[in-house]
Amino acid sequence: MVPRSKTNGLFDYYCGRRRIILNNNTRRNYNHTMPSTGNLNLDLTTFSREGRLKEALHILLTTHSPPVNSNAYIHLLNTCIANNALSQGKQIHSFITHRGFAFATNTFFQNKVINMYVKCGTLVDARKVFDEMTARDGFSWNVIIAAYRRHGYPHEALALFHQMQQTGVQPDQFTFASILPACAKIGALEEGIVIHQCIIEIGFWPDVLVASALVDMYAKCGSVQKAKELFDKMPQRNVVSWNAMISGYVQNGVLDEAFRHFQEMPGRDMVSWNVMITGYAQNGVLDEAYRLFNEMPVRNVVSWNAMIAGYAQNGLVVKALETFKKMQLVGVKPNSTTFASILPACAKIRALYQGMDIHQSIIESAVLSDVVAVSALIDMYAKCGSIQKARELFDKMPHRNVFSWNAMIAGYAQNGILDEALTFFKTMPQRNVVSWNAMITGYAQNGVLDESLRLFEKMPLRNMVSWNAMIAAYAQHGVLSEALRLFNEMPERNVVSWTTMIAGYTRNGFVEKALEAFKQMQSAGVKPNPMTFVSILPACAKMGALEQGMNIHQRVIEYGFLSDVLITSALVDMYAKCGSIHKARELFDKMPRRNVVSWTAIIAGYAMHGFRKDALKLFALMKHSGTYPDHVSLVCVLFACSHVGLVDEGCKYFSGMSKSFCIMPTMDHYVCMVDLLGRARYLEEALNFIIKMPIKPLLVVWMCLLGACRSHKNIGLGVFIATLFFELDPQNAAPYVLLSNIYAEMGRWGDVQKVRKSMKDRGIIKIPGCSWIEVDKTVHAFSVGDRSHPQTQEIYEKLEKLSQKMKVAGYSPNSRHVLIDVEGEEKELFLCHHSEKLAIAFGLLNMSPGTTIRVVKNLRVCIDCHTATKFISNIIAREIVVRDANRFHHFKQGQCSCGDYW
């Protein structure tokens, strides 16, 4: 034994096991008392096993005769990996390199060093060692390929795999288990097929590890059928194989098959349960997700996170917050992923106070130093408009990542503080493509499209997101020619590119182009995603293209998206706006889950169709279900009251908005109230209401009152409002037309001519009336007096026959709204050729007897056409549905659903 010094106390041996107790004197004198290199080697190994890296490093760095055997250093490196001790690992590597030990260039030892750097999170240092190796074996390649794949560089992983093959090193099952997920990550199906062939040639196909990776690759690349074929052929399956198949079905939206395999799985683990819960949650099937969540034998933080994220992503922020609280109550500690899921939900609805509560939870959970959680917190504050609080958090962060910087850039940009956003963009240590896209989007959202384009053109490396962000910027601002130019120029397109163009066309009124783009997308072999259907269905709704909408409904079913609440809500909206309110209600009643969008769609549908009792009853059911209305829901309720004259009810809903639902009235609500009062002849009250508005009334508010003046022939007030309008918006044709109508109904043709001359002098053109009708999935358009249709002669002959029958039935043309001073016979001829009458005649000629005729018109239906259509419906004994600029009219047996109040 080494004699113990009373003053220095060098070593203490006890219980048959040697331990080292060091004090300051020991550390100073260790080199002079070390008995042998062999003992030092053993001591270093002992320190390593006990995790005492600091002591081991001190001994190693201060001794003059370090051990030359690699075993002690390997133990030290393993300890660094176990403790994620990168700094100590670097010191050990540097020590070995500078000492020039022979084993330092040994392939086995260098592999250990690479593995240490990879496991401790520094890919740069790992790659440097790898590149300096004079000889590499299969493990060398495997560890670096796996590292690039795990760190989110799948393209680099594939490049390394090809280099490995070129050097003659044969891949093994671990190589394939690493490289196939890289293919899956980027959807490189063709590359995966080539690797599959390589696996077969080398003879690794039956290996369960490789086969499971192949199943996963095919499934994630969208070839779920091929994944299933391989899965069925596997001679042996393990839990990884089953989870790969289940996960594949989930990611491709085939939830029924995923659940069937989940049920057939011989041994479920935590991953299996979480994959299914996540799949249901992400696809909006939250009832099923919650059912499985409750049935789980054991839950972990991933299970809770899946439910929280599912509720948050589907707009159920209250549910997400409730689940977050329950999670804490049962003792499950939230992690950074939890906060990264719940905070964006608060940001989405600008729930600042809830976000502040979560901030407190982050402090209590001791993850305030976690860069992911704090970055999500910064993003929440920024998006909730509290940019100063976001900045305070950012300034206090000891460590920041690119997401932290990007959150601040996006926050400043979204709040219109573009100078600060640009300052952050220029000063951030390292930018990524998200940084560039945040600036591009920020400029675009604030209408600075030229600056968006300048940044886009300067980007060092554009990805698909960059192109799509720029296309979306132009499309959202109606510059569709530029959006289309970029769309045509981009090197490749994905479903987001197509969906962005479809949404742009739909939003800007080019619905026919939207439908054409949808067809082209399918012809190009691009599979629609849920947002594609959410974008294209409003195009059908705007055109009243019921047959095309029904065709898209069928495609939704084929793709397995019917459980998506946004798509189903869009379908309800489409059916309602295409005149099939019964089909809309049938679909709504079958929805397994509804959100505020679903309720609003069906309430709006009934309101538009004039079924005010049903609309208000549904609103009551919505509140009873626990779904809080938003500002759009209340617009629909006020609309329903307005179009059936329920003044008292409408005023009650309006006055109770802020108190009952914490919703402050917006311009849309004020418009509805003016319309409500104006339609009910309360013109003076409507004027006083406008004057007392707490916000400056937009021109649309005055237009509502002007329309009411026209309906109730109040020339004095009408002229006053029109004059005001001419000053505020001199190029708007609507007030000129309404004022002309007022004068024409009073027979003041001189004033009519003055208004028309004023329009001509200013170059103002009245929007022509146009009507659309869909027959055999083709939409036909008609304008007043239109003679361009191939069936023009038959259409006019049909109208003439109808006119004769209508007169016999008692119809008398109402020519008060013809804005020209001509004789009665000419006025009758002019009225006979209105666009909706032409469309109805065309429908009668080309649609089967008994079929409902559905017509969409861009303007308000005139009194004469309204009266005429009632007579036609009685004569032909079939229903005619007309949707004008205000609402739906269901004509049946000589009556209209609006009760002549529109």
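Here the Cβ of each residue, glycine as well, is placed from N, Cα and C on the backbone.
Marked as repeat 'PPR' by TrEMBL: 137-171 (among others). Averaged across the repeat 'PPR' (137-171), pLDDT for the predicted model comes to 89.
Taken from TrEMBL, the feature repeat 'PPR' covers 207-237 (among others).
The repeat 'PPR' annotation in TrEMBL covers 238-272 (among others).
Per TrEMBL, the feature repeat 'PPR' maps to 300-334 (among others). Summarised by DSSP class, the composition of the repeat 'PPR' (300-334) is 26 helix, 0 strand, 9 coil.
Residues or ranges marked as repeat 'PPR' in TrEMBL: 370-400 (among others). The helix, strand and coil residue counts that DSSP assigns across the repeat 'PPR' (370-400) are 23 helix, 0 strand, 8 coil.
Taking DSSP states H, G and I as helix and E and B as strand, the repeat 'PPR' (401-435) has 26 helix, 0 strand, 9 coil. For 401-435 (among others), the entry in TrEMBL reads repeat 'PPR'.
What TrEMBL lists as repeat 'PPR' is 463-493 (among others).
Residues annotated as repeat 'PPR' in TrEMBL: 494-528 (among others). Sequence-distant contacts of the repeat 'PPR' (494-528) (same chain, at least 6 residues past either end, Cβ-Cβ under 8 Å): 222, 464, 467-468, 471-472, 474-476, 478, 480, 483-484, 487, 535-536, 538-540, 542-543, 545, 548, 552, 555, 559, 779.
Per TrEMBL, repeat 'PPR' is recorded for 564-594 (among others). Secondary structure counts, DSSP: the repeat 'PPR' (564-594) has 23 helix, 0 strand, 8 coil.
Same-chain residues lying 6+ beyond the ends of the repeat 'PPR' (595-629) with a Cβ under 8 Å from its Cβ atoms: 314-316, 318, 565-566, 568-570, 572-573, 575-577, 581, 584-585, 588, 636-637, 639-641, 643-644, 646, 649, 661, 663, 883, 887-890, 897-899. Taken from TrEMBL, the feature repeat 'PPR' covers 595-629 (among others).
The annotation domain 'DYW' is assigned in TrEMBL to 810-902.
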Tertiary contacts of the repeat 'PPR' (300-334), as residues 6+ beyond its ends and Cβ separation under 8 Å: 270, 273-274, 277-278, 280-282, 284, 286, 289-290, 293, 341-342, 344-346, 348-349, 351, 354, 358, 361, 365, 367, 565, 595-597, 628
Secondary structure content, the repeat 'PPR' (494-528) (per DSSP, counts of residues): 26 helix, 0 strand, 9 coil
DSSP-derived helix, strand and coil totals, residue by residue, for the repeat 'PPR' (595-629): 26 helix, 0 strand, 9 coil
